[in-house]
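Read through the structure below, which is laid out as structure tokens, and then see the notes.
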Amino acid sequence: MNSAYVWIVLTSLFSSLFFLTILALLCFFTCRLASKWQFSFGRSFGKAWTGGMIKMKVTAALFISFSCLACTILSKPNFPEKEKQPSYWNKWAQRTLEEALDLQELNKNIAKNLILFLGDGMGVTTVTAARILKGQLSGETGEESQLEMDRFPHVALSKTYNTDAQVADSAGTATAYLCGVKANEGTVGVSAAAVRSQCNTTFGNEVTSILKWAKDAGKSVGIVTTTRVNHATPSAAYAHCVDRNWYSDGEMPSEAQAAGCKDIALQLFENIPEIDVIMGGGRKYMFPQNTSDVEYPREHKHSGTRKDGRNLVEEWKIRMAHKKGQYVWNRKDLLSLNTNNVDHLLGLFEPGDLPYHLERNKEMDPSLTEMVEVAISILRKNAEGFYLLVEGGRIDHGHHEGKAKQALHETVEMDRAIHLTGQMTSMHNTLTVVTADHSHVVSFGGYTPRGNSIFGLAPRLSDVDQKPFTSILYGNGPGYKLTNGVRENISTVDYYQNNYQAQAAVPLQYETHGGEDVAVFSRGPMAHLLHGVQEQNYIPHVMAYAACIGQNKNHCPAALNHAPTLAPPILLAFLILIGLLC
Ligand SMILES: [Zn+2]
């Protein structure tokens, strides 16, 4: 076992035990010797002296050996022993160098499959902290651990700003990394010429996404998310809407409806009518108002929201009845599907967003990894390949609520899904990209020692208010708390619990996004084109280029590009030749 982390935990436990043992033994022997001396001194000085000496020697020997053992344990560094050897680091670096040299032979294959993993709000701080958490969950110190995304050979930075916002939101950014065009915050699938919430600015400003480009090229396409399927990130893949909050017509102003704008749920089924796989939450937006929810029939807040009386799920089921379509709403039904017999899947597992991974109902709610496994099993049946958008959507929500533990566990779960994807596809024909839409104002620091729990305290008290502080803190958010006018002393608070809200510098009900660049990890055909510091809207252009879909196909092999136009003359010449020979 990679046991440095275990050492740290066990060291404190065993050292306390050893010290107690030593103290107990010392007391025991001293008392026994003292009483023996007292008892025997008068009778036989010489005999008692000899026996006392022997016992004192034994006591001293025991004391020394226990002290040595305790010192050995206490002086054990809180990192693996092998890291003391320069050879360890040199070998590691040389191995990495060999791998880097191999990358000089670029993968210029045509990507049959495209997968985009989008960690909503997964800034670089979140990635590093999730890596440490992943390592610590498997008993390591954590820092040396590797996320699956860390193993991707190519990395770029993406500038996330919206056309009208320095610190971006998830809607304008989704338009960038899905449609290839930067846009205004709050809008999906429309250019920056469209104005947020102004319905009449939609028309003529629609932009299409790589999901549509892939569908038009004959690929299967899918969307998997832990949020509502009509939330900001997925909706830019299929909808054109000037307001990300128009989830159903129940959330739209009547003027917008009168002006011809459509809600996002409706657009999910109408714009690209056969999205092959749709999985996530958002059930209530698909059912008529007051229709009780199948899972929470007594809770009115989960009832249908549609004012137009349409049942979009039922309509979908009818449309897909003869196309091997399946609708599921719970984990059991999802996992019992035989994907060989399913070509279209609609899975809506909650009325709103799916629960946090740490809190999901394991009977009813599938994990992100489980959803991705089913999605790829269905999509990969298409010989033309597929495009899949996977969103770890609740990383963002965890941070907004100041709940770093939730956010980091969401990230680790998305990383599990990335690992699974690597096992189900080949990097020779599948371009996988992992990125975020924007960051958050979360930080971790405080000169913590190696192997410190990622949710733990910094080793020293504040030298200003003399109180402890956690390594993870927020720049703003709901974790701001004063007790009697001063910063809360968290020594009596359980900062390891799932919903602990880390302290924040500025009070806000919801913590905000962060404005710095986010990472783009890529693996597979043309992954090397995702390099350097780029505008976020560059991402789908590279993905489309790699797959020979969309607007730039100049590099695609002539055989692939011109096969349909060359085929008739070749066929004609062949037929003439046959005719002549006959
Ligand atoms: Zn957000």
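Positions of Cβ are set from backbone N, Cα and C atoms, glycine also.
As written in TrEMBL, here are the features:
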- 6-35: transmembrane segment (TRANSMEM)
- D120, E391, D396, H400, D437, H438, H513: Zn(2+) binding site (BINDING)
- D120, H231, T233: Mg(2+) binding site (BINDING)
- S170: active site, phosphoserine intermediate (ACT_SITE)
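Structure coloured by features recorded in TrEMBL.
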residue : record                                  : DSSP class
D120    : Zn(2+) binding site                     : coil
S170    : active site, phosphoserine intermediate : helix
H231    : Mg(2+) binding site                     : coil
E391    : Zn(2+) binding site                     : strand
D396    : Zn(2+) binding site                     : helix
D437    : Zn(2+) binding site                     : coil
H513    : Zn(2+) binding site                     : strand
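Checking the binding-site residues T233, E391, D396, D437, H438 for a CB within less than 6 Å of any atom of ligand 1 leaves D396, listed in sequence order. Cβ contacts within 10 Å of D396 (Zn(2+) binding site), excluding its own Cβ and spanning all protein chains shown: 28.
In sequence order, F117, L118, G119, D120, I223, V224, T225, T226, T227, T233, P234, G280 constitute the residues six or more apart from E391 (Zn(2+) binding site) in its chain with CB-CB distances below 8 Å.
Sequence-distant neighbours of D437 (Zn(2+) binding site): residues of the same chain at least 6 apart with a C-beta under 8 Å from its C-beta are L118, D120, G121, T160, A168, S170, T173, A174, Y177, T233, V518, Q536. The Cβ of H231 (Mg(2+) binding site) has 27 neighbouring Cβ atoms from other residues within 10 Å, across all protein chains displayed. Rounded to a whole value, the Cα-Cα separation of H438 (Zn(2+) binding site) and H231 (Mg(2+) binding site) is 16 Å. Within 8 Å of the centroid defined by the CB atoms of D120, E391, D396, H400, D437, H438, H513, the record's Zn(2+) site, lie the Cβ atoms of G119, G121, M122, S170, T233, G393, I395, H399, A436, H440, excluding the listed residues themselves.
In the structure as shown, the Cβ atom of the residue listed as 'active site, phosphoserine intermediate' sits within 10 Å of 27 other Cβ atoms. For the pair H231 (Mg(2+) binding site) and H513 (Zn(2+) binding site), the C-alpha distance works out to 17 angstrom. Cβ-based crowding with a 10 Å cutoff singles out H438 as the top-ranked of the binding-site residues H400, H438, H513.
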